[in-house]
Every structure is written in C-alpha cells, then in structure tokens.
Amino acid sequence: MVNTRDFLPKTTHYLKVPIIGLNAILWLLGLVLIVVGSVCISFFSNFKEFTKESGYKNALSNLTTSAPTGVLVIGIFFILLTLVGCFVAYKEKLVGLVLYTMLMLILLVVLIGIGGKALTLDKEDAVSIIGTSWVQISNSLKNSTITKLEDFLECCCWSESYSNQTYKDLCPKDDDGNIKYEDTYCEGIFTKQVSSKLVLVGIAGVVIGCIEFVAMALSLFLIIRICRSPRSRAYDQY
C-alpha cells in the first residue's frame, strides 16, 4: 500500500511559500477581472436604451448587463479571497484553510463555467439578435437610439442590406450635414468588439481557473500536513 506521507513535503514551509506566491498572482489577475468587467460594463452601458427598446430584452440583458457585472463581482471577491488565502496559509490556520479551499472550489467552478461559456458562445446568434433589434428600432419612433449608438461605434447602418436612404438618415452627421461614417457598417464593428471582449473574458477565466486549481491543491496538502503534524493538537486552529 502506498504511503501518502512520502508525497508531502517534510515541513509546511515548502507548501506555504508557493500558496502565498500563487495567491499573489491570483490577486493581480483579480485586478485584471475587475478591469475587464469595468471595460465591458462601460462599453455595454451605451446599449442600455437599445436593450430596453428591443424585442429581445432578456437575451440582450444577459449579454450587456449580467455577464459584465458578474465578471466585475467575481474580480472583487477574488481579491478579497486571495488576501485571506495568504493570511491563513502564513499563519497555518486549519479552519481558515478549509473554508478558503471550499470557497476556492466554488469560485473555480464559476470561473471555468464563465470562461467556457464566453469562449463557446455562439457569436453569430448574438450578432443576429442585435441586428434584428437594430432594424426594428430603426423603424420605430425611438430611432434616435440608433443614431446615438452609431455615433458611439463610429459606423453607419447595420449592414449593406440595410443601407438605403431611410437608414442613412439616422447616421451621425458632421456640422455640414454630411454622413460621418458612410460605408462603415455597424455589424462588423459590433462583431469585432464583442468577439474581442468575449475572448478576453474566456481566456482570463480559464487561465485563472487553472492557477486557482493548483493553489487549491496545495492548500489541501497543507491541511493534510498540518493535521498530521505532531504539533497539530497544540495549534491555534482558529
């Protein structure tokens, strides 16, 4: 029978140092998540009125509000959790390490889920929904919303198929009344913006998840080592 003691470091020092190091890296990556979430929220905040007027309000809300806010909240939670991880690892707090590891496991599942969803999301379907809503709102009394979005995205008309004079009348114009971004269609601009942000969120989620898994595994080894330590009964485990 294999003796698992042979696989563990002889002292907790060799586990504490990499755990603290990985948590420091994860803290920095938590900042990255906050920045990414903030950028996405800032970008999609311009679609608030568009989403409200759209016939696909629920679907668009998930893309423009729920997902970016979720990334931001996870980033904030991550920063707090990694600080706790550094403290309980350094002080060898057994109960603290157990709680930290459990929370890391939950966060790992959430991160991999978000990262995988972002990378595998059907971008064509999302763009199709936006396009349908774009045309719908362009032909409604709230078409000023489209002019604001086109000015923000620096484009004119959703696509070449919808570039007749009716749609061009909504395009942003300069002081002389000339169309600013003629022949620069919003479909291509939007697709590029959304794709880059989804890829960034997806890669960040997967990379952080992998590093987090290693930190969590080392924390489990540290818990086992503390429990097996001759001094474990004398420890301040709380």
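Even glycines carry a Cβ here, placed using N, Cα and C.
Record features, source Swiss-Prot:
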- ASN62: N-linked glycosylation site (CARBOHYD)
- ASN143: N-linked glycosylation site (CARBOHYD)
- ASN164: N-linked glycosylation site (CARBOHYD)
- 1-16: topological domain 'Cytoplasmic' (TOPO_DOM)
- 38-69: topological domain 'Extracellular' (TOPO_DOM)
- 115-197: topological domain 'Extracellular' (TOPO_DOM)
- 219-238: topological domain 'Cytoplasmic' (TOPO_DOM)
- 17-37: transmembrane segment (TRANSMEM)
- 70-90: transmembrane segment (TRANSMEM)
- 94-114: transmembrane segment (TRANSMEM)
- 198-218: transmembrane segment (TRANSMEM)
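You'll find the Cα of ASN143 (N-linked glycosylation site) roughly 15 Å from the Cα of ASN164 (N-linked glycosylation site). Long-range Cβ contacts of the transmembrane segment (94-114) within its own chain (Cβ-Cβ under 8 Å, at least 6 residues beyond either end) map to 67, 70-71, 74, 77-78, 81, 84-85, 87-88, 201, 205-206, 208-209, 212-213, 215-216, 219-220, 222-223, 226-227, 232, 235, 237-238. Within the set of glycosylation sites (ASN143, ASN164), the lowest number of other Cβ atoms found within 10 Å of a Cβ is recorded at ASN164. Confidence annotation: the topological domain 'Cytoplasmic' (1-16) carries a mean pLDDT of 56 in the model. Break the topological domain 'Extracellular' (115-197) down by DSSP state and the numbers are 51 helix, 2 strand, 30 coil.
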